[in-house]
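Trainee: Sharing a structure, written as structure tokens. Questions coming.
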Amino acid sequence: RKDSGMLSYKEHLPVSQVMVGDLDRPGSEAKVSVGPVRCQGDRNYWNAASFVTSSSYLHFSTFQGETSADISFYFKTSASDGVFLENLGNTDFIKLELKSATEVSFSFDVGNGPVEIVVRSPNPLNDDQWHRVNAERNVKQASLQVDQLPLEVRKAPTEGHTRLELYSQLYVGAAGGQRGFLGCIRSLRMNGVTLDLEERAKVTPGVKPGCSGHCTSYGIYCANGGKCVEKYNGYSCDCSKTAYDGPFCIKDVGAFFEEGMWLRYNFHSPGTSVKDLVSGTLLSSADPEITAPDLSLNKEELSFSFSTTKSPCILLYVSSYTPDFMAVLVNPTGNLQIRYNLGGTKEPYNIDIDHRNMANGQPHTVNVTRNGRDIILQLDHYPPTSYSLPATSDIQFNSPKALFLGKVIEIGKIDQDIYKYNTPGFTGCLSRVQFNQVAPLKAALRPTNTSSHVHIQGELVESNCGASPLTIPPMSAATDPWHLDSASADFPYNGQAIGDGVNRNSAIIGGVIAVVIFTILCTLVFLIRYMFRHKGTYHTNEAKGAESAESADAAIMNNDPNFTETIDESKKEWLI
């Protein structure tokens, strides 16, 4: 999308290696200057297609690789498995697939039985980054290489079949009801010929030209550090590395703490390797062989929200195997305090927030970021504030041990103020607590592979009462037009000022009464019309004199002359 940014994959560089020799002579030297790198593009190199459904595939003519096959391509995916390509014969076949998140398989059969070569990667290959696959097969051997991992080689049998006889079309993606590849494939070369994936994708349902996916368009909806994962019919958000839950990683995971309750999260536990600890929860270390107590942090990122009405109390405390600690607490006056003790100073370094009472029962959000000596604190929706550790202070948090919520139950010497504020403990709500990549509340409330690190004293009840509902920054008194103590702000009312809200309340009451009266009148009109809708005059054809006639027939004959004549005529008798 743009021709600027950091080049993180060195295979994309136009110059990958420079060899300089003959430097042993006195006075000899070499100088290499690299000019500007221009992004011009290569249609073959970047010829790509995106597979977006479970049945997505492209088909090409049969692969002609009877005695020699050389296949290379790049792929990028967040799915854990899928078939890259396959071509079949009567019994012969050739296939490349992603078997798992860390395994790529190259399998074939030339008539001597199936052969499979697997390359296993120490790191996940479904990290949505480009990875290169190169598979070769000839009459002597077959090989498979992924990225810069060691080449896997399998020798061919000295006797038997050597020709790969195929007859079906070459399928790139799903074939024969198998689970197809989901993601992007580019620069697919087979025996030196680049297949035009983009052109074929333009006329194939379920495949899009170029490299795009659901995460390209909708990945921004995975909030709070959630990772977008491609799916066959859409995408999902992986919230495992966050303190949030829900489809888009926006649901706060919090709990209510009763008095005396506490939670401890151990950064390492029996059965957990130090390598997993360093890569999975804290920060990377250059030496994977160091022991857990020797770990140290040069930076921390802490975020959480809370609500309470009692002070003093300990909100969060990070202990260590050394005197180093970090604490967030509410002092007796209800003000927030951040306390660091990293060594090098006689007293801990304190950051006091004196301008607000935090024990007011309202949700408050705290974000603390330390990088070396620099500390940035953001409280609620106020602008971030920068602080700096003293020049004599150490900048490494040595040997972090455990994280406590609600109360500190630790063996050894504890800071005097921490000890004083530790009784009776925190009462209130804590939500979305995250320290670097550790989410202790989520680990306690959602069964994960880190739940074994958690120890709880008391009953932990899930609640979102600590989640902050505020989304609009508070308005200052100087700019708030409804702030009565503001001398510089004018009311947005041009007439007489409203005194004590009396006139305003009267107007509201009068309006309500008018609406009620109008409703009653409308109801009465409707009822009256309904009651009298069957009443009124009507006309009948009753014969006159019907009251004095002996019968109804007699009344008709008396009043209808035509009828009378007809009757008289009928009374005549004729003699024959």
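Residue numbering: from 1, along the chain as shown.
Placed from the backbone N, Cα and C atoms, the Cβ positions cover glycine too.
From TrEMBL, here are the annotated features:
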{"type": "DOMAIN", "residues": "47-211", "note": "domain 'Laminin G'"}
{"type": "DISULFID", "residues": "Cys184-Cys211", "note": "disulfide bond"}
{"type": "DOMAIN", "residues": "212-250", "note": "domain 'EGF-like'"}
{"type": "DOMAIN", "residues": "279-465", "note": "domain 'Laminin G'"}
{"type": "TRANSMEM", "residues": "507-528", "note": "transmembrane segment"}
Trainee: How about long-range neighbours of the transmembrane segment (507-528): same chain, 6 or more residues beyond its ends, C-beta under 8 Å?
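Mentor: The answer is none.
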Trainee: For each of the disulfide-bonded residues (Cys184, Cys211), count the other CB atoms lying within 10 A of its CB, then report the residue with the highest count.
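Mentor: It comes out as Cys184.
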Trainee: What average pLDDT does the predicted model assign to the domain 'Laminin G' (47-211)?
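Mentor: Per the prediction, mean pLDDT sits at 89 for the domain 'Laminin G' (47-211).
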